[in-house]
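Undergrad: Residues or ranges marked as transmembrane segment in Swiss-Prot (evidence: sequence analysis): 46-69, 135-158, 175-199, 273-291, 330-353, 369-395, 417-439, 517-535, 575-596, 643-665, 707-727. Residues or ranges marked as [4Fe-4S] cluster binding site in Swiss-Prot (evidence: sequence analysis): CYS559, CYS568. According to Swiss-Prot, the feature chlorophyll a B1 binding site maps to HIS654, an assignment based on sequence analysis. Marked as chlorophyll a B3 binding site by Swiss-Prot: MET662, TYR670. Positions annotated as phylloquinone binding site by Swiss-Prot, on the basis of sequence analysis: TRP671.
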Amino acid sequence: MALRIPRFSQGIAQDPTTRRIWFGIATAHDFESHDDITEGRLYQNIFASHFGQLAIIFLWTSGNLFHVAWQGNFEAWVQDPFHVRPIAHAIWDPHFGQPAVEAFTRGGALGPVNNAYSGVYQWWYTIGLRTNEDLYTGAIFLLFLSFISLLAGWLHLQPKWKPSVSWFKNAESRLNHHLSGLFGVSSLAWAGHLVHVAIPGSRGEYVRWNNFLDVLPYPQGLGPLLTGQWNLYAQNPSSSNHLFGTTQGAGTAILTILGGFHPQTQSLWLTDVAHHHLAIAFLFLIGGLMYRTNFGIGHSIKYILEAHIPPGGRLGRGHKGLYDTINNSIHFQLGLALASLGVITSLVAQHMYSLPAYAFIAQDFTTQAALYTHHQYIAGFIMTGAFAHGPIFFIRDYNPEQNADNVLARMLEHKEAIISHLSWASLFLGFHTLGLYVHNDVMLAFGTPEKQILIEPIFAQWIQSAHGKTTYGFDIPLSSTNGPALNAGRNIWLPGWLNAINENSNSLFLTIGPGDFLVHHAIALGLHTTTLILVKGALDARGSKLMPDKKDFGYSFPCDGPGRGGTCDISAWDDFYLAVFWMLNTIGWVTFYWHWKHITLWRGNVSQFNESSTYLMGWLRDYLWLNSSQLINGITPLVCNSLSVWAWMFLFGHLVWATGFMFLISWRGYWQELIETLAWAHERTPLANLIRWRDKPVALSIVQARLVGLVHFSVGYIFTYAAFLIASTSGKFG
C-alpha cells in the first residue's frame, strides 16, 4: 500500500476520512505522539527547531534593515527626527488609483509607502547607525547569521553531531551556559557596543571598524579601571542642553547614574543604559559560575532543592523530587519558560513607554501606542501558552509516587481551596466594579452626576508619593519638598529621577484619580478570572470529582462517550480555550485604558479622561466612538486619505472576528449534515462530479472547530483594535 500522509503516524494515515488531514496538521508538532519516537529523537528535534526559529528571526530582522535601507528615509529622518515620518517600505499595488497614490506618497518618498510604527528608526539611531550603508551592512550580517543558524539546525540532526539525552539533561551546565555564555557575555558585549559606538555617536563621533581602535571612548582609556578610580568614568556627563548626535553640550562620562531623561530626546541617558548593561553582565557572569559542573565546584541544584523542607512540616517533603520531575519533563520546562517570558514581555510593554530607552521615541506617539499594545497582546498569548503546557505536564509526565507529599502534590491536594479563593476574588471584583460603573451610569442618565460614587486611589497615590511624586501633598520623605531625603536624593542619588517623576512631559507615575481606580479593578477582575480558568484547568487536568479518570483521555477530548453526562467541555484544553477569550478581554481593557489616558495626556485635555472614565457610557462614547468615527467614515466613493487602509482593516477585522462565532456556536452535527448535503449535490452535478476525493468528507471535531473559531475571534479582535489604535493616534498626531 502506498505511504499516505502524515508519515509520522500511520494510525492517522489509515483513516479513510478527511480527519486524516486535520488530525495530521494538529499533531505535526506533537513529537511525543509520533510513531517510532525515542527520547533522544524528541530532544534532538526540538533542539534543531530552535535553530530554525533563530534563522527565521534573523531573516525577518535582516528584511527590516534591508527594506528601510532600500525604500525608507532613514538618512532624512536622522537629520530631523521630529518632523520626518519614518518609512517602513514602499507599496506596489495595482489597485491604487491616483487619489490613493497621492494619499500614500509621504515622508519625502517618490511613490506610495507605509509608515513605520515599530520604533526601529529610533532604535537604530540610538545604537549608532546613521547611514543606509550601515543598514545594508547590518542586513547582510543578519542574513549570514540566519544561514549559520539553519546550518547548525541541520548539522545537529546528523548522526555524528546529534547531542545525547544526557547532554540535554545536564541542567547545571545548561544553566551556566545560558547565564554566563548567553546573558552575561551578550550583556557585556552590548555594554561594550554602547560605550565604543553608540555613546560616541550620540556626541557626534562616527565610530566604525576603520577607526574603532583610534577613538578612545573615554579620554583616559583604561587608566581609571586599572588604577581603581572607577568613579572617573561617571564624571563630566553630557549637559542638559546637549543636542543628541552633536558635540554641543556633550560630556566625556561613559558610565553614569544620572536618572531621568535626556531633555531633548526624552529617552534614558545612554551612559545610564551602558552602566546598567555592565552591571547586568557582571551579575550574570557571576551567576553562571554558581552551579557544579566539570570540576565539582559550586552548587548542586538538586541538593539545594531537596534541602528546602520547611521545619514546621506544613509543606510536607518540601521540594523533594522536583529536580527530576522538572528535568525529565519538557512540558514543565516549557511552561516555566513561557510563564517567565510572558511576564518579561508585559514588563517590556510597561517600561518601553514609561522609561523609553530610544532617542525621540517618546515623541512618536503612534509608535508608543503600537509597541505597548503589541507587547501586551504577545505577553497574553505567551502566558496562556504556559498554562497549556502545565496541564500537559500533569497528564503526560507527572509521577505521583516521585512527588508524594512535596509542594507540587500539595498544590493538587489543596486545589479546591485555591480554585474557590480565586473564584471568590473574581466574583467580588466583578460585582463591585460593575456595580460602581453601572451606578455612575444611572446617575449620569438621571441628570445627577454629583451622586456618582468616586473613590480616590489613596493607597496607589501614597505609593507614587513614596517614590517622589509631590502632586498629592503626602508628607513622606521623597515627596516632602522640605525633607532631607528629597534634597539628598537630588544631590546624590539619581539627580534627574525625581525631576522626571514630577514633570508632565513623560509617562512616569501618571496622576491618577477615580477613573483609574475603577479601570484598575476592572483589569484586576479580568486577570483574576483568566487566572482562575487557567489554574483550574491545570489543577483538574488529571481528574476531578466529576471525572476522576480524566488523565486517561489526554489533554483534549470533546466528550468521553455515552453514559457519562456532563463531561463535555471539561478537558484541560477547554480551559485554555476559554481562558484565551478572557485574556483578550482583559488586554482589551488594559490597552483601552493606556490609550485613552495617553491620548488625553498628549493632547493636553486630561480632564476628558478624568470626567468620562468613571461610567461605561463615557468609555463607549468618548473613547471608542469618538476615536473610531474617522474610521467609520473612512471609506467613501469620493474621499481617499492615508487612513483609508486602516478604515478597511477596521471593517475587515470586524468581519473576521464575527466569522469566529459561526464556528463557536454551531457544532459538529450541523456541519456534518451540511457537508453531506454538499457532497450529495456535488456527486450529482455534471462537470463538478468529474472531481472526486479519496477521503470521505467529515466535519471537524468539536475541539478543532472551537480552535478555528478561537483563531478567527483572536485575529479579528486584534486586527480591529490595531487599525483603530494606529489610525486614531496617527490621525491626531501625524
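Heads up, the Cβ atoms here are built off N, Cα and C, so glycines get one too.
Show me how these features fit into the structure around them.
TA: Outside the transmembrane segment (135-158), and at least 6 residues removed from its termini, the chain residues within Cβ reach (under 8 Å) are 44-45, 47-52, 54-56, 58-59, 61-63, 65-66, 68-69, 74, 124, 129.
Within its own chain, the transmembrane segment (175-199) has Cβ neighbours under 8 Å at 126-128, 207, 212, 215, 217-218, 254-255, 270-271, 273-274, 277-278, 280-281, 284-285, 287-291, 293, 301, counting only residues six or more beyond its boundaries.
For the transmembrane segment (330-353), the list of distant contacts is 42-43, 46, 119, 361-362, 368, 371-372, 374-376, 378-380, 382-383, 385-387, 389-390, 392-393, 396-397, 507, 594, 598: same-chain residues at least six beyond its ends, Cβ to Cβ under 8 Å.
Around the Cβ of CYS568 ([4Fe-4S] cluster binding site), the number of neighbouring Cβ atoms within 10 Å comes to 14.
Residues near HIS654 (chlorophyll a B1 binding site) in space but far in sequence (CB under 8 A, at least 6 apart, same chain), listed by position: GLY716, THR720.
According to DSSP, MET662 (chlorophyll a B3 binding site) is assigned to a helical segment.
Around TRP671 (phylloquinone binding site), taking its Cβ as the centre, 16 other Cβ atoms fall within 10 Å, counting all chains.
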Undergrad: Could you tell me what the rest of the chain brings near the transmembrane segment (517-535), counting residues at least six beyond its ends with Cβ under 8 Å?
TA: 384, 387, 418-419, 422-423, 425-426, 429-430, 432-433, 436-437, 455-457, 460, 575-576, 578-579, 582-583, 585-586, 589-590, 592-593, 613-614
Undergrad: Against the transmembrane segment (643-665), which of these stretches has the most C-beta pairs under 8 Å: 273-291, 369-395, 417-439, 575-596, 707-727?
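TA: The stretch with the most close Cβ contacts to the transmembrane segment (643-665) is 707-727.
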Undergrad: Give me the stretch from 273-291, 369-395, 417-439, 707-727 with the greatest number of Cβ pairs under 8 Å to the transmembrane segment (575-596).
TA: 369-395
Undergrad: Which sequence-distant residues neighbour the transmembrane segment (707-727)? Criterion: at least 6 residues beyond either end, Cβ under 8 Å.
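TA: For the transmembrane segment (707-727), the list is 117, 366, 369-370, 373, 377, 577, 580-581, 584, 588, 591, 595, 627-628, 630-631, 634, 643, 646-647, 649-650, 652-664, 700.
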Undergrad: With an 8 Å cut-off on Cβ-Cβ distance and a minimum sequence separation of at least 6, pull the same-chain contacts of TYR670 (chlorophyll a B3 binding site), or say none.
TA: none
